[in-house]
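Visitor: The annotation domain 'CoA carboxyltransferase N-terminal' is assigned in Swiss-Prot to 23-283 on the grounds of sequence analysis. The Zn(2+) binding site annotation in Swiss-Prot covers C27, C30, C46, C49. Marked as zinc finger by Swiss-Prot: 27-49.
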Amino acid sequence: MSWLNKVRNALPFTPKRDTPDNLWIKCPSCSEMLFTKEYEDNLSVCPHCDHHGRIGANARLEQLLDAGYELLPAPKVKEDPLKFRDTKKYVDRIKAARAANPHPDALTNAFGRIEGQKAVVGVQEFAFMGGSMGMAVGNAFVAGTERAIKEKCPYVAVTAAGGARMQEGILSLMQMPRSTVAISRLHAAGLPYIVVLTDPTTGGVTASYAMLGDVQIAEPGALIGFAGQRVIQDTIREKLPEGFQRAEYLHAHGMIDMVTHRRDLKTTLAQVIDFLMAGKAAA
């Protein structure tokens, strides 16, 4: 036996440690590798480039609402009324989305307080079929505004959507006027409607309730628009300006009221609600 074998045999056996697959995350903007826990503790904002990552409904509610908030039940709807099928059945897509998400559809409502200010908050879950707006989202939106009217508080919509849910056809598009009527009822009750635009907010959602807020707030770098940039460029046959459809561009051109960093969002919302509700509280 050679001395090499003697050394190799003398080395102690150390079993390979299992490393979690999700220990690291790569920033989609600057490509820096980040510890997932540190990234999540930083509200899913990159500490190197300040890129605001997409977060789920539960994380968003935990970030915005004080402890002890109430999750509102999701209204029931008839599933797959058109018996739609593309490469797979719509009912199968719904089942797969529900298996991967904690909520039954793409909009979740909660009632609670934002730094002591009462509010009903509706958060869209982009991970649920791209946050697409269908009958379930429409019903949840209406239910959220109705609860806000009952509680005499604002309704805050946190949008993140690719648009209308094509598998529901005209029934999906009907949610655009439905949500508009719900906002009108909120206003008739003398209550504010506040929108927080997050990345991405596009399509039929942008063309309806996402742009109807009394106060329009956006997160930095959020993509906000109706049609995609390629579609617009091919239609008008012109190159679009730098940063087109981003939150900062919309703010510079008067389309939204403010761009607010995620860490400041809760305090900003509390201040806005306090200002808008001051006269009503005194009345």
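Just so you know, glycine gets a Cβ as well, placed from its N, Cα and C.
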Visitor: Including all protein chains displayed, how many Cβ atoms other than that of C30 (Zn(2+) binding site) lie within 10 Å of its Cβ?
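Guide: Looking across every protein chain shown, the total is 12.
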Visitor: Per DSSP, C49 (Zn(2+) binding site) is which: helix, strand or coil?
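Guide: Once the DSSP labels are grouped into three classes, C49 (Zn(2+) binding site) ends up as coil.
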Visitor: C27, C49: which of these binding-site residues has the sparsest Cβ neighbourhood within 10 Å?
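Guide: With the binding-site residues C27, C49, fewest surrounding Cβ atoms within 10 Å: C49.
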Visitor: May I ask which residues of the same chain, at least 6 positions away in sequence, place their Cβ under 8 angstroms from the Cβ of C46 (Zn(2+) binding site)?
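Guide: Residues satisfying the criterion: C27, S29, C30, E32, L34, Y39, G53.
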Visitor: Taking all residues of the domain 'CoA carboxyltransferase N-terminal' (23-283) together, what is their mean pLDDT?
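Guide: Reported value for the domain 'CoA carboxyltransferase N-terminal' (23-283) is a mean pLDDT of 96.
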Visitor: For C30 (Zn(2+) binding site), just give me the three-state DSSP call.
Guide: coil
Visitor: Starting from the Zn(2+) site formed by C27, C30, C46, C49, give every other residue of that chain whose CB sits within 8 Å of the mean position of their CB atoms, in sequence order.
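Guide: Here the nearby residues are P28, S29, S31, E32, L34, P47, H48, D50, H51.
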